[in-house]
Amino acid sequence: MAKVALSGGWNFFSLCLPCVFHSERMLWLLFFLVTSVRAELCQPDAENAFKVRLSIRTALGDKAYAWDTNEEYLFKAMLAFSMRKVPNRETTDISQVLLCNVTQRVSFWFVVTDPSKSHTLPAAEVQTAIRMNRNRINNAFFLNDQTLEFLRIPSTLAPPTEPSVPTWIIIFGVIFSITVVATMLLILSGIRERRRKNEGPSEMENTEDKCENTVTIENGIPCDPLDMKGGHINDAFGTEDERLTPL
Amino acid sequence: MDKARPLWDTPLQFVFACISYAVGLGNVWRFPYLCQMYGGGSFLVPYLIMLIVEGMPLLYLELAVGQRMRQGSIGAWRTISPYLGGVGVASVVVSFFLSMYYNVVNAWAFWYLFHSFQDPLPWSVCPLNSNHTGYDEECEKASSTQYFWYRKTLNISPSIQESGPVQWEPALCLILAWLLVYLCILRGTESTGKVEQLANPKAWINAATQIFFSLGLGFGSLIAFASYNEPSNNCQKHAVIVSLINSSTSIFASVVTFSIYGFKATFNYESCLKKVILLLTNAFDLEDGFLTASNLEQVKGYLASANPSKYSEVLPQIKNCSLESELETAVQGTGLAFIVYTEAIKNMEVSQLWSVLYFFMLLMLGIGSMLGNTAAILTPLTDSKLISSYLPKEAISGLVCLINCAIGMVFTTKAGNYWFDIFNDYAATLSLLLIVLVETIAVCYLYGLRRFENDLKAMMGHTLNWYWKIMWAGVSPLIIISLLLFYLSDYIITGTLQYQAWDASQGQLVTKDYPPYALAIIGLLVAASIMCIPLVALGTFIKHRLKQRATGPMA
């Protein structure tokens with residue numbers, strides 16, 4: 001397109017050679033030169049130019065809108081707005097943003113020029129501006145960082161929100177405490193049962209000693225089970241002492 | 001006279017305890033893998049045959065021995081023959097090794113369970129890199145589920161030599177797992193009977209091996225469980241029931257696992273296609289939404305002819321997406337449980353719910369098997385008069401859990417997963433085969449098959465079917481001997497042993513050789529349990545000789 005403008009400009013120039021010093025014609029010439037120069041500023045892989053890629057249908061599906069010149073105007077406006085947030089660029093005008101090479105994809109290149117429209121602003125400034133306002137730009141088009149891509153401008157990914165205490169420790173703490181409490185309860189009840197069992201046989205021993213004196217004794221051996229005393233005492237000899245116990 | 005042996009409340013409790021022990025993680029992560037590797041449905045043929053000729057007879061044998069002798073593994077085998085106490089000791093040693101490393105899986109399941117209560121699930125997204133411009137490099141190269149497993153859960157080191165300190169997060173989970181096991185075994189037998197809410201010669205060998213290990217033969221757990229039975233309990237019926245339920249759980253688990261595989265494969269295939277479509281759309285600035293899965297090949301051909309130079313530039317990056325290659329990735333073990341399943345879960349709706357349910361299931365399976373293992377260790381210890389006279393049952397259980405937990409901390413270090421694989425592959429495999437072989441030969445030929453048959457008839461009331469006799473005396477020992485020979489020759493032929501190490505820079509597993517000291521430990525693991533049998537036999541022989549010499553002159 002730049003070549004066409006240039007050649008158009010030069011054709012006009014050659015045709016109107018006699019009228020070249022007419023002021024009106026000069027203005028037209030200047031206009032063509034300026035547009036051709038401006039067009040040259042915005043080219044794929046030009047200096048300080050960025051490629052933008054939109055995936056509207058992927059993001060919105062049926063609700064996808066068509067990309068037309070109005071949307072391009074909005075884009076230029078958002079970029080100009082972003083540039084205004086950069087120090088020393090508070091007066092950026094929408095006309096300073098140039099778009100070119102719009103494809104079906106939808107993708108295009110853009111540059112931001114200085115007020116005189118003679119050269120482009122450094123890439124670093126544009127990058128800072130876009131990174132600061134990435135969210136606003138995304139929202140204007142109902143897109144996100146993945147569907148509205150600025151190639152060569154890495155987006156700052158939002159870190160996942162980490163609560164102050166990790167969730168897993170809380171759940172771990174709950175289950176751990178329940179298990180410890182249950183274990184303690186079981187151990188304590190086991191100890192209590194064993195203590196009760198130890199007291200039980202000794203009570204039974206007292207009643208049986210009393211019974212021995214009233215029970216008929218055959219061969220000097222009482223008729224209660226011999227192993228109540230754990231086999232340590234031979235009941236055959238023990239009964240003689242107990243016979244002497246007073247009633 | 002010693003106090004009466006505790007009994008199961010009902011025979012059903014005993015059956016549930018056995019099922020809970022036998023149905024474990026192997027049913028979920030080993031059997032589906034074997035099915036996939038050896039022809040899918042056709043693997044069921046060798047599996048079911050091995051179940052009938054090897055699994056059921058050996059299971060019945062162990063239960064019968066336990067029920068007849070009414071003691072844990074050491075006491076039971078000493079009763080059969082004084083020289084065979086070593087078999088029981090070997091079983092206890094193997095159970096000890098198993099309980100050391102098995103509970104680590106429960107610790108990992110706890111870790112994942114606790115992390116399932118977040119949105120989004122932590123293994124579904126990659127963390128950001130240091131300057132927040134992209135995702136972490138290791139996570140990009142691998143996948144988010146692999147990253148979460150290898151980096152966040154294990155924090156794995158590049159090789160087994162580079163160990164590190166104990167990681168406190170898995171250590172905490174391990175302590176909790178052991179605490180839970182202790183809580184369950186505290187009350188002894190009564191509390192372990194929980195209600196449970198589960199062509200190719202290589203195919204045959206793997207079927208035989210799978211049946212063998214899946215039923216948990218040789219650990220002494222089954223003997224321990226059966227020793228708490230009433231003598232008149234019909235353990236033949238129970239043996240058949242337990243083995244059938246174990247196998248049907250395996251088959252059911254593989255149906256589920258295959259559907260998970262299918263889901264994951266379809267999802268990955270579609271993601272791959274989407275990536276290729278995006279790549280082509282961006283490279284050729286085609287209209288967004290123009291390229292779809294159906295016209296992809298057509299458009300590729302058109303682009304190749306219309307713009308060959310640009311197409312050849314893009315070509316190396318275009319992956320050939322194939323559903324078959326996705327389905328062919330067969331994984332087993334911890335890789336299946338913690339990577340493949342989590343990858344499938346993260347893509348489901350309400351993934352938190354499925355994640356919680358899944359890891360809860362893993363925990364149930366793992367804890368159930370752990371209880372059987374600890375019963376195998378504790379029953380001989382509590383039976384032994386020497387130890388139980390000094391310490392009450394709670395203290396013995398606590399001590400066993402504490403020792404195992406302390407040793408288990410090794411598996412929470414940075415190289416812990418490599419040591420886990422060593423234990424998983426070598427601690428129980430060869431030793432168990434030998435132990436069960438000695439058991440079968442001991443019962444049939446040392447104790448006498450006829451004598452055992454009479455014992456069972458007196459115990460249970462009905463005669464022993466000829467089928468069991470043939471299996472015990474002939475077929476099962478032959479199968480075990482052939483398995484032993486196969487594995488021995490396999491180990492000898494393959495030479496040095498290798499392992500899979502995680503390479504963080506590449507984001508995938510690489511094969512490395514074991515260092516000498518790791519090989520020494522493997523040898524020690526296998527020898528420690530097997531040597532018990534001859535050593536105890538020798539010791540008993542020497543003791544008898546000394547006693548004879550002492551009583552000899554007096555007579």
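Note that Cβ sites are derived from N, Cα and C of the backbone, with glycine treated the same way.
Nobody curates TrEMBL annotations by hand; they come from automatic prediction.
Taken from TrEMBL, the feature transmembrane segment covers B:12-31, B:43-61, B:82-102, B:168-186, B:207-228, B:356-378, B:426-449, B:470-489, B:517-542. Marked as Na(+) binding site by TrEMBL: B:ALA22, B:VAL23, B:ASN27, B:SER214, B:ASN246, B:LEU365, B:SER369.
DSSP classifies B:ALA22 (Na(+) binding site) as helix under the three-state reduction.
With a cut-off of 8 Å on Cβ pairs spaced 6 or more residues apart, the transmembrane segment (B:470-489) and the transmembrane segment (B:356-378) reach fewer than 3 such pairs and are scored as not touching. Among the stretches B:12-31, B:82-102, B:356-378, B:517-542, the one making the largest number of Cβ pairs under 8 Å with the transmembrane segment (B:207-228) is B:12-31. The stretch with the most CB contacts under 8 Å to the transmembrane segment (B:168-186), chosen from B:12-31, B:43-61, B:82-102, B:356-378, B:426-449, is B:356-378.
The recorded stretches the transmembrane segment (B:43-61) and the transmembrane segment (B:426-449) share 3+ CB pairs below 8 A when only pairs 6 or more apart in sequence are counted, and are therefore in contact. Secondary structure from DSSP puts B:ASN27 (Na(+) binding site) in a helix. B:SER369 (Na(+) binding site) has a Cβ environment of 27 other Cβ atoms inside 10 Å.
Neighbour density for B:SER214 (Na(+) binding site): within 10 A of its CB lie 23 other CB atoms from the protein chains shown.
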